[in-house]
Amino acid sequence: MTTRLWSWRSVRLRVAVCIALALTIEGLMRSNLNMAMVCMLNETAFVDDRALRAINHSTKCEELRFGNEKVYKYNGDLIWTSQQRAVIFASFYAGGLIATLITERLNRCMGAKRLVLYGAIVNVLGTFATPTVASFFGPIPMVVLRFIMGFGQGLLWPCMSVLVGHWFPATEKSTALAIATTGNQLSVVIAMFATAELCQLPLFGGWPMAFHTYGVLGVLLCILWQIFVEDIPAHALGITDEEVQVITNSTVDDSTNWMQLLSSPVVWSIAGSAFAHNFITVGTVTYLPFYYKTVLNMSLTSNGILSALPFIFQFISKILYAGFADESKNRGWMSFTGVTKICNSSASLGLVVCFVLLCFCDCTHRLAAVVLVCLAMAFVSGYIPGYNTSVVSIAPSQTAAIASFSRIWAQIASSLSPYQIGALTKQVLWKIIFCDTVTPTKEEKTEKDELDL
């Protein structure tokens, strides 16, 4: 029997695909609000939104539409201020931060499989409840609901790292992470495009249909996860003794040594990379539809398509980065440390250049703006064979602890980013937003020489 990863008999490939499916569907339940928000709100109700639209009027840019696209107005019924929107977005990641603080201990008590399943159930219930809570109870209950959903989803990332650490040899970890984390890009691509189209359907009032659809997909995820994923490879359905041997020969188990971890510059470098990565990614995913609407003056359909496009680029570049990383290690072209540093540093430098150039784009430079956003998200993929691979490689016995610690910093960044951007958009300060977004990246890249596997 074959033990290759890329085989239809490979159970570890099945596990990687299941993790990708979990990230995709849970990502849909998280990201659909980013696009749905522009459909839900009454855009004429507040002075701050009218000030943003004045940018387009002053430069006389016509609304961008594709072909014979049906005109759909962005005018919803909900009246929420930009500050309320920012708190709603940030509350999800604040809930994830609390979950991350206790995930390592919960994992040792319950196992990664059960934690992910319970978190998914929380997100399914929250997704089904969102239209009712938003329509009838207002922004404060929405903050509470999103916080609870964020707590459920905050369990996923550390558990993903644990599963990858338990299931894959060192030479396959970059590829396994690339496969698994493609769910991030797929979720954003689907959420941006599908939600924009569902908003225009009269069924169930338009935007609520998106939440009902993604809730049903969440139920399907829970069923598949329970059937096909196991914490211990030897317990997996259909696995061979040969594949178990390949996996167990490369993994160990031990208790967490927090003093040693927290005194390691490698661990702190991973934490800094996680902060920069998530500050940029969450800010972009959350406010890209709003930027395209208010600054580049795009119609709803063109907004959905072009908001999804950068994450298609990210999906492709992630596969290329992972292939380069694992091939370089397998052929001995570079050490594990060298591959990690090159991938991580290229991500940081590429993002800085793209976002600084984006500061000078308005609706008269739509093509340049879209290209720069696409390139920026393509560079983000370098963080996967970079610090993300380090999380599951530098100390396999400590993967849960390292993943939880780095995820704490990721969740802090994820909470700060939408709130800070929301405050700045109220003042029509997109240039400051783009420059401020890459500041953590520039600070983080000075730590790369300390990242040693």
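Just so you know, glycine gets a Cβ as well, placed from its N, Cα and C.
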- Query: In TrEMBL, which of 186-210, 336-360 is tagged transmembrane segment?
  - Reply: 336-360
- Which residues, given as numbers and ranges, are at least 6 beyond the ends of the transmembrane segment (304-324) yet have a Cβ under 8 Å from it? 35, 66, 174-175, 177-178, 181-182, 184-186, 188-190, 192-197, 284, 288-289, 292, 298, 339, 343, 370, 373-382, 384-385
- Message: Can you work out which residues elsewhere in the same chain, 6+ from the ends of the transmembrane segment (86-103), have a Cβ less than 8 Å from its Cβ atoms?
- Response: 30, 33-34, 80, 115, 119, 139, 142-144, 146-155, 157-159, 282, 286, 400, 404, 407-408, 410-412, 414-419, 421-423
